[in-house]
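Asks: I'd like to ask you about the structure that follows.
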Amino acid sequence: MTAILEKTEVQSLWARFAAWIVSTENRLYIGWFGVLMIPCLLTATSVFIIAFVAAPPVDIDGIREPVSGSLLYGNNIISGAVVPTSNAIGLHFYPIWEAATVDEWLYNGGPYQLVVCHFFIGICCYMGREWELSYRLGMRPWIAVAYSAPVAAATAVFIIYPIGQGSFSDGMPLGISGTFNFMIVFQAEHNILMHPFHMLGVAGVFGGSLFSAMHGSLVTSSLIRETTEAVSTNAGYRFGQEEETYNILAAHGYFGRLIFQYASFNNSRSLHFFLAIWPVVGIWFTALGLSTMAFNLNGLNFNQSIVDSQGRVVNTWADIINRANLGMEVMHERNAHNFPLDLASVEAPSING
């Protein structure tokens with residue numbers, strides 16, 4: 001009798017670590033993108049919470065008039081925010097070691113840049129992690145492609161827009177009222193509501209919500225019953241079953257009769273592709289619009305009113321929007337400049353006589 005002895009190969013610590021990182025058997029997949037994502041998102045989240053609760057006021061406009069954003073300095077959940085980095089810093093990289101003291105770093109809004117940069121790296125890695133897990137499982141990569149839409153939108157407001165405007169102080173504040181303030185100022189300075197790409201984004205978000213609600217309600221209403229009337233329909237479902245759980249033809253027939261035949265899908269793949277692509281493309285366009293307006297390539301500006309043959313102004317909706325934009329711009333950074341930039345850009349009259 002011959003005994004066959006096999007030499008057991010001892011794996012190195014690194015090999016075992018690498019196998020654990022890319023294992024799809026873990027409860028939560030880590031992946032190589034996760035190695036960078038986890039510390040970045042933990043850092044961003046921790047600093048955001050601390051700054052939201054306790055950060056001192058920030059000199060956002062760079063004019064020695066600090067703005068309070070934290071809860072301990074008089075704000076509530078609605079008005080609180082992590083205030084953007086000071087205009088005095090501009091686009092300079094501003095880690096803690098660039099400031100003379102921690103107090104100076106806080107005064108100039110260093111936490112905002114720290115949170116935004118780590119958050120940006122984190123969400124990009126999350127998108128890469130989605131692709132990585134799909135690749136390991138032999139799936140197609142479209143989950144990561146869909147997630148690229150919100151990543152593009154976040155990149156536009158936190159990275160591209162400050163770069164285009166020349167300062168991180170123009171980035172979106174990290175808070176509820178700060179977000180609304182950013183939107184109002186953006187409208188005042190760029191007339192975003194009159195930009196076709198923003199209109200496509202609105203159609204994508206609201207249309208996606210409508211289509212999602214329609215699809216969910218149709219599926220829920222056409223479940224295949226495997227039980228009696230006395231028992232819940234859900235009791236007939238087995239997790240992971242191969243059989244269809246709802247009748248797409250019944251849903252197609254219902255919706256076709258409700259509107260018209262070709263308004264509904266009878267192909268499940270086409271239906272779900274449409275549900276995915278509609279909001280994603282809309283948000284892509286919005287991010288593209290934000291990124292172009294960052295460099296002052298603005299929306300459709302109707303700066304000249306329509307006049308009749310007698311020179312009288314024919315009031316239009318564009319006049320109302322223009323007036324609202326000027327009013328919002330007057331109130332924005334009211335201590336930093338006295339007039340809206342649209343009015344202040346006109347050459348001053350000579351005073352030399």
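Using N, Cα and C of the backbone, Cβ positions are placed for all residues, glycine too.
Model, not experiment: these values are computed from the prediction.
In case it helps, Swiss-Prot gives these features for our protein:
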type: BINDING; residues: His118; note: chlorophyll a ChlzD1 binding site
type: BINDING; residues: Tyr126; note: pheophytin a binding site
type: BINDING; residues: Asp170, Glu189, His332, Glu333, Asp342, Ala344; note: [CaMn4O5] cluster binding site
type: BINDING; residues: His198; note: chlorophyll a PD1 binding site
type: BINDING; residues: His215, Ser264, Phe265; note: quinone binding site
type: BINDING; residues: His215, His272; note: Fe cation binding site
type: MOD_RES; residues: Thr2; note: phosphothreonine
type: MOD_RES; residues: Thr2; note: N-acetylthreonine
type: SITE; residues: Tyr161; note: site 'Tyrosine radical intermediate'
type: SITE; residues: His190; note: site 'Stabilizes free radical intermediate'
type: TRANSMEM; residues: 29-46; note: transmembrane segment
type: TRANSMEM; residues: 118-133; note: transmembrane segment
type: TRANSMEM; residues: 142-156; note: transmembrane segment
type: TRANSMEM; residues: 197-218; note: transmembrane segment
type: TRANSMEM; residues: 274-288; note: transmembrane segment
Asks: Could you check which of these binding-site residues, Asp170, His198, His272, His332, sit within 10 Å of His215 (quinone binding site), going Cα to Cα?
Replies: His272
Asks: If you measure Tyr161 (site 'Tyrosine radical intermediate') to His272 (Fe cation binding site) at Cα, how many Å is it?
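Replies: On Cα coordinates alone, these residues lie 33 Å apart.
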Asks: Are there residues at least six beyond either end of the transmembrane segment (118-133) with Cβ under 8 Å to its Cβ atoms? List them, or say none.
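Replies: Contacts of the transmembrane segment (118-133) (Cβ under 8 Å, skipping residues fewer than 6 from its ends): 22, 24, 29, 31-34, 36-37, 40-41, 43-44, 47, 139, 141, 143-144, 147-148, 150-151, 154-155, 158-159.
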Asks: For the transmembrane segment (142-156), which stretch among 29-46, 197-218, 274-288 has the most Cβ pairs under 8 A?
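Replies: Going through each listed stretch, the top one turns out to be 274-288.
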Asks: Fewest other CB within 10 angstroms, which one of the binding-site residues Asp170, Glu333?
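Replies: Counting other Cβ atoms within 10 Å of each of the binding-site residues Asp170, Glu333, the minimum falls on Glu333.
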Asks: Let me know the largest Cα to Cα distance in Å among the quinone-binding residues His215, Ser264, Phe265, as an integer.
Replies: 10
Asks: Roughly how many angstrom lie between the C-alpha atoms of the residue listed as 'chlorophyll a PD1 binding site' and His190 (site 'Stabilizes free radical intermediate')?
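Replies: Taking the Cα atoms only, the residue listed as 'chlorophyll a PD1 binding site' lies 12 Å from His190 (site 'Stabilizes free radical intermediate').
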Asks: Determine, using Cα-Cα distances only, which of these binding-site residues is closest to Glu189 ([CaMn4O5] cluster binding site): His118, Ser264, Phe265.
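Replies: Nearest listed residue in space: His118.
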Asks: Can you list the residues of the same chain, besides His215, Ser264, Phe265, whose Cβ falls within 8 Å of the quinone site's Cβ centroid?
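Replies: Apart from His215, Ser264, Phe265, the close residues are Met214, Leu218, Ala251, His252, Phe255, Leu271, Phe274.
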Asks: Between His332 ([CaMn4O5] cluster binding site) and His190 (site 'Stabilizes free radical intermediate'), how far is it from one CA atom to the other, in Å?
Replies: 13
Asks: What kind of secondary structure is Ser264 (quinone binding site) part of, going by DSSP in three states?
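Replies: Ser264 (quinone binding site) sits in coil per DSSP, no helix or strand.
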